[in-house]
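Peer 1: The structure under discussion is supplied below as structure tokens; questions concerning it will follow.
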Amino acid sequence: MSLSKRAAKDAQWLQYRPMIQRMIVDDKSQEEIRQSLEDNSFRVTKSQLEYKLKIWDIRKRLPKTRSEAVWQYTDAWLLKREAEGKSSEVIIDGKIVNSAKVRKERSRHQKSTLARYTQHAPDT
């Protein structure tokens, strides 16, 4: 593929990126996304779509490697907000997470008591 064709194809991908992101947030399958793109006269293969989603770091779920850090940060943030008497909604990757899932993930990813006390130990 020549450079000008590749640049034109990349420009098309960028044109459809917001639509693809919205469909991922709306929990559409890759096949539905491909069909929608084809309806807009933009044919892509499954591999091409998967590659672009990987490059753009767009996914439906948190990867296991980031999950613990995200939920520990969220827990600390929510504890601070609760201490201020404020209620909060958690939004991850553009989706509002329901309160039952937030409770479950907060309890699942809490730091151990030992880790909490050693982390905040004052320097002597």
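Yeah, the Cβs are placed from backbone N, Cα and C, and that goes for glycine too.
Below are the features I grabbed from TrEMBL:
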- 102-111: compositional bias 'Basic residues' (COMPBIAS)
- 10-60: domain 'Clr5' (DOMAIN)
- 102-124: region 'Disordered' (REGION)
Peer 1: Roughly where does the domain 'Clr5' (10-60) sit in mean pLDDT, to the nearest integer?
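Peer 2: Mean per-residue confidence for the domain 'Clr5' (10-60): 91 out of 100.
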Peer 1: Sort out the residues at least 6 away from either end of the compositional bias 'Basic residues' (102-111), same chain, that have Cβ-Cβ distances under 8 Å to it, and list them.
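Peer 2: Long-range Cβ neighbours of the compositional bias 'Basic residues' (102-111): 67-68, 71-72, 74-75, 78, 90, 119.
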